[in-house]
Every structure is written in C-alpha cells, then in structure tokens.
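Copied over from Swiss-Prot:
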type	residues	note
BINDING	Gly8, Arg9, Ser10, Gly11, Ser12, Gly13, Lys14, Ser15	ATP binding site
BINDING	Asp57, Val58, Arg59, Asn60	GTP binding site
REGION	267-284	region 'RNA-binding'
Amino acid sequence: MVLMIVSGRSGSGKSVALRALEDMGFYCVDNLPVDLLPELAKTLAERDAAAAAVSIDVRNMPESPEIFEKALESLPAEYSPQLLFLDADRNTLIRRYSDTRRLHPLSTKNLSLEMAIDTESDLLEPLRSRADLIIDTSEMSVHELAEMLRTRLLGKRERELTMVFESFGFKHGIPIDADYVFDVRFLPNPHWDPKLRPMTGLDRPVAAFLDRHTEVHNFIYQTRSYLELWLPMLETNNRSYLTVAIGCTGGKHRSVYVAEQLADYFRSRGKNVQSRHRTLEKRK
C-alpha cells in the first residue's frame, strides 16, 4: 500500500496536489500531525485502503527530523511511504500570496512575507532533502500540476472520466448539471400509440418501435460520433464527469431509449458510464 506524504512551501500547490490525489482514488487527510501518521496508517490498513495521502506543512512539522523518521519507521510493514515535495521560486510565492491576499502561516510571528517564506524554507529543508519527488510549480497552472501528478503516479495524462447519460422531459425543465443537451423531440413518438403510451423507453416494445426508424439510428450514430471525436480532449481537461442530457417532450420514451443506447455503446468501449432517467425517477 502506498502512503503519499505531501509537503512543500506554502503557496506551492499542496492543496491542489491533495485534490488531484483524491481524484486518483487516494484517501486524503489534510494537515495531519506527524506523530499521528502510524495511527492513521494502521487504521487505513485495517480498512484495506489501497492508497492514502497526507499533507504536512510547516504548522505541524516536528521539532526535530528524528521525530519524522521515527514516525516513518513505525508505519505498518505493508505501507510504502513516498514523500512528494512541492516548491516554487520566491518571487512566484510572493506573487501568489499577493493575488490571493491570504496570510502566510508564519506571518503571525510578526514576520514580513519575504522573511516568512525564507524561514519556512529552512524549517522544511529536512523534508525536502529526503523527498522522493520534487516538483517546481513556478510555471505551472493548477491543471498542469494535476496532470503532471497523474502522469507521474498513474502513468497516464487523463483522469478517469465518468460519462453520465441522462434522459429528461423538456416540460420539466433542462437539467442544470448537463454539459451537453440533445433534443430528440423530432423523432417518432411512441406516445401516440395507445399500447405503448403506458410504457417507457426501457420496455422492449418501445425499443422495437424506435429501432424501426432510420432517423433514430442516424441520430444515435451521429451523436456518439460527435462525442467520440471530442472525448480525448475532454478526458485531458481535468474533469471527473461529462454529463450528456437527452430530452424529449415528457422524458418517458424517446429520450430514455436514446440515452440507454448511448450509454450501452460507450460502456462497451470500456468507458466508465452511468445512466439516469429523471422523469422515471420522479414516478417511483
């Protein structure tokens, strides 16, 4: 099991790194006192956590490096600690603090920002010197840092993107969480068949009705082709979800069928897919 210890100078991106690690499946704890590391690791080992990450900053640094080393030696045998240290040049840190107007953790000790940054560097040097990976974030954006961590730790640039296909009825309103909205009200409507009206797009007779129409096939094919074309770009855009909303008049027949067809297609391509049907969920 991996225990990633994230440290670095304030303003270098520790919070960004911790969020990126959480997206990668790490159990994350922010600002954990060093002497609690063994206890946390033991608890996570009992819960079969595959990977964990903790951040340590200047506020919870031990008084001597020996305390940190002792904490690492006390970790359960199944944990492999790795130390990630984030840094940035002095001018970049000053600019970031100026932009965010936040106080440096050591500014409470009546130090100027410049002196606080320099003092922090000295206090964190024992951690920096034993780091397994040092990343200089001076020229990085938030997204670039997250991307680098995924590349270094997972061997891939994109995070696991979850595609969500949801059906809805326009008469109930457009979902506010949708990234893409497709209108299928022009497709043949099973509602006008008295036998199909009580059914939904999940029922075989409705699916058979829609499957007989060429325009339905063409719409599904062109929609999935559009999504396939841009999916690689979306996967590298630092997002966790892509929500595709399919709407018909009532959200009961056409939109449900089309959403399921698209979900099945991308699921068969190995994508992480969810489907939901807003109108049908309201009826339960």
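Glycine residues also receive a Cβ, built from the backbone N, Cα and C atoms like all the rest.
Here the features listed in Swiss-Prot are painted onto the structure.
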residue	record	contacts (Cβ under 8 Å, 6+ apart)
Gly8	ATP binding site	Lys14, Asp57, Leu84, Phe85, Leu86, Asp87, Leu124
Arg9	ATP binding site	Leu86, Asp87, Ala88, Leu93, Ile117, Glu120, Ser121, Leu124
Ser10	ATP binding site	Asp57, Val58, Leu93, His104, Pro105, Ile117, Glu120
Gly11	ATP binding site	Ala88, Thr92, Leu93, Arg96, Tyr97, His104
Gly13	ATP binding site	Leu86, Ala88, Ile135, Thr137, Met140, Val142, Leu145
Ser15	ATP binding site	Asp30, Ser55
Arg59	GTP binding site	Asn31, Pro105
Query = If you run the three-state DSSP split on Ser15 (ATP binding site), which class comes out?
reply = helix
Request  = Could you list the residues of the same chain, at least six apart in sequence, whose Cβ is under 8 A from the Cβ of Ser12 (ATP binding site)?
outcome  = Leu86, Asp87, Ala88, Leu93, Thr137
Request  = Excluding Asp57, Val58, Arg59, Asn60, please set out which residues of the same chain place their CB within 8 Å of the center of the CB atoms of the GTP site, keeping sequence order.
outcome  = Asn31, Ile56, Met61, Pro105
Query = Taking Lys14, Asp57, Val58, Asn60 as the binding-site residues to compare, which has the smallest set of other Cβ atoms within 10 Å?
reply = Asn60
Query = Helix, strand or coil: which one is Gly8 (ATP binding site) in, per DSSP?
reply = strand
Overall pLDDT of the region 'RNA-binding' (267-284), taken as the mean = 87
Ask   = What are the DSSP helix/strand/coil residue counts across the region 'RNA-binding' (267-284)?
value = 8 helix, 6 strand, 4 coil
Query = Which three-state DSSP class does Asp57 (GTP binding site) fall into?
reply = coil
